[in-house]
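Visitor: Got these off TrEMBL a minute ago, pasting:
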type     : residues                                 : note
ACT_SITE : H8                                       : active site, tele-phosphohistidine intermediate
ACT_SITE : E82                                      : active site, proton donor/acceptor
BINDING  : R7, H8, G9, E10, T11, N12, W13, N14, R58 : substrate binding site
Amino acid sequence: MKVFLLRHGETNWNYEQRYQGHTDIPLNDIGKEQARTVGKYLYKKEKIEAIYCSDLSRTKETAEIIADYLRLQVKCDARFREMSFGDWEGKTFTEVHNNYKEEFNEWVKDTLNTVVPGSKESFTQVRERAFTSLEEISKKHNGNVLIVTHGGVIKTLLYYIDPKNDMWETYIQPSSLSIINIENGKFQVISTGITVK
């Protein structure tokens, strides 16, 4: 089976380069159009038997737009929620870099295990909850599955499955697809960060 990991469509905070985390920001008009584009692509090119998403509105909106094309029901799973960015949520990347220099540098040095100020979980903890759900989904379905989630979740899953997918160098833009093949309980990254037209 193939699992398509899709980052949600663009939000205004993506456009403004703000940390979103658990803050529930809706899609903007570009994000909705991106979701329609992915929906059309998957309808024409792939056979998807199930759609999952996190419990935040930006993934739910994206998944529901795509589900209309694929005639499927969306299942929400909070384990695919983005990492909490605590005190950094709502701040731009530049603001965080300038105002939290020491904490930011610590996070860059040990991205997987550092808990950012005001948060309660690391990317390792995010990966543990998301991968548990991914394993459950792989046992439930034989056909291809779409999971609409977040950039941080996708990056940490890709890195866990194949460490050559560096957390800082693997770029996952809004509405891009990464594909994992699962066969006999083995997970293999096929592609990362594909933008469809």
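Each Cβ is built from the backbone N, Cα and C atoms, and glycine gets one as well.
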Visitor: Determine the most Cβ-crowded residue among the recorded positions T11, E82, using a 10 Å radius around each Cβ and all protein chains in the structure.
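Guide: Of the recorded positions T11, E82, the most buried by Cβ count within 10 Å is E82.
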Visitor: What are the sequence-distant neighbours of W13 (substrate binding site), meaning same chain, six or more residues apart, C-beta distance under 8 angstroms?
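Guide: When sequence neighbours closer than 6 are ignored, W13 (substrate binding site) has Y19, Q20, T23, I25, G90 within Cβ distance under 8 Å.
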Visitor: Restricting to the same chain and to sequence separations of six or more, state which residues have a Cβ under 8 Å from that of R58 (substrate binding site).
Guide: H8, G9, T11, Q20, D24, I25, P26, L27, G31
Visitor: For H8 (active site, tele-phosphohistidine intermediate), which DSSP three-state class applies?
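Guide: Reduced to three states, the DSSP call for H8 (active site, tele-phosphohistidine intermediate) is coil.
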Visitor: Any idea what the Cα distance is from E82 (active site, proton donor/acceptor) over to R7 (substrate binding site), rounded to a whole Å?
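Guide: If we compare the Cα positions of E82 (active site, proton donor/acceptor) and R7 (substrate binding site), the gap is 10 Å.
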Visitor: Which chain neighbours of the substrate site, leaving out R7, H8, G9, E10, T11, N12, W13, N14, R58, have a Cβ atom within 8 Å of the mean position of the site's Cβ atoms?
Guide: Y15, Q20, I25, L27, N28, G31, P174
Visitor: Tell me, by DSSP, whether R58 (substrate binding site) is helix, strand or coil?
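Guide: Its secondary structure by DSSP: helix.
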Visitor: If you draw a 10 Å sphere around the Cβ of R7 (substrate binding site), how many other Cβ atoms fall inside it, taking every protein chain shown into account?
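Guide: So the number of other Cβ atoms within 10 Å of R7 (substrate binding site) is 27.
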